[in-house]
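Okay, so here's the structure we're looking at.
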Amino acid sequence: MAPGFTISFVNKTIIVTGGNRGIGLAFTRAVAAAGANVAVIYRSAKDAVEVTEKVGKEFGVKTKAYQCDVSNTDIVTKTIQQIDADLGAISGLIANAGVSVVKPATELTHEDFKFVYDVNVFGVFNTCRAVAKLWLQKQQKGSIVVTSSMSSQIINQSSLNGSLTQVFYNSSKAACSNLVKGLAAEWASAGIRVNALSPGYVNTDQTAHMDKKIRDHQASNIPLNRFAQPEEMTGQAILLLSDHATYMTGGEYFIDGGQLIW
């Protein structure tokens, strides 16, 4: 950072959905390192509470994990209200929860569609809406960062001229990116900013299970010639949540190693 450029979230509460693993955990650690109290929303991971508590102890902030199905409106609303009561006024949200199904399009089912879209689109909307409603009731400003993906713009390859068969994931991320624009437009007058952060290929447990040939092919087509580390996603998220980004809303910011240059 340039001299004098600092970001502090001391005495602020930030929610991270899917904040117990992968990119989400990197977000959780980053906002905690900046002084925020952090609420981690998770679906079913057995170690989520332990992971969240460990972050709190490491950075000396309040942290708490909340089990919640982001596609369930009533549960999301109650969870957001509980976070506000437990950790103090919510100042930011990173809507990061996401899932994928990798299958040829001819084999995909309605259940697959619901599984992906319930989390990646409706779950994002559900969480953003619950937080925004709370802010509107309190006449409070806030910032939302939605984790979309560079896959909102492309069809990922598995090999030269070969498609990675995840059409529901890619289309859900395109929907997610456009959802951000709509929410940003509706809530701007209330001082609520909404932006999308769109990662490229990142080293996570999920990508680690991919075929090495696919990973190598994908990395070879990135101008920076490698997958990112989860921590490399955090700088843009921290900026968007901060007071240094008060004139930024409705944008989609790609952290993709230059992939979309091509």
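Don't overthink the numbers, they just go from 1 along the chain as shown.
Cβ atoms here come from the backbone N, Cα and C positions, even for glycine.
As recorded in Swiss-Prot:
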- Ser149: active site, proton donor (ACT_SITE)
- Tyr169: active site, proton acceptor (ACT_SITE)
- Lys173: active site, lowers pKa of active site Tyr (ACT_SITE)
- Ile23, Asp69, Asn96, Arg129, Tyr169, Lys173, Val202, Thr204, Gln206: NADP(+) binding site (BINDING)
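Feature map: Swiss-Prot annotations on the structure.
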| residue | record | contacts (Cβ under 8 Å, 6+ apart) |
| --- | --- | --- |
| Ile23 | NADP(+) binding site | Asn96, Thr147, Pro199, Val202, Thr204, Pro230, Met233 |
| Ser149 | active site, proton donor | Gly98, Tyr169, Asn170, Lys173, Cys176, Ser198, Pro199 |
| Gln206 | NADP(+) binding site | Gly22, Ser100 |
In three-state DSSP terms, the structure that the residue listed as 'active site, proton donor' belongs to: coil
Largest separation between Cα atoms (Å) of residues that the record links to NADP(+), namely Ile23, Asp69, Asn96, Arg129, Tyr169, Lys173, Val202, Thr204, Gln206: 28
Ile23 (NADP(+) binding site) - helix vs strand vs coil (DSSP): helix
The residue listed as 'active site, lowers pKa of active site Tyr' CB neighbourhood, other CB atoms within 10 A: 27
Three-state secondary structure, which DSSP defines for Asn96 (NADP(+) binding site): coil
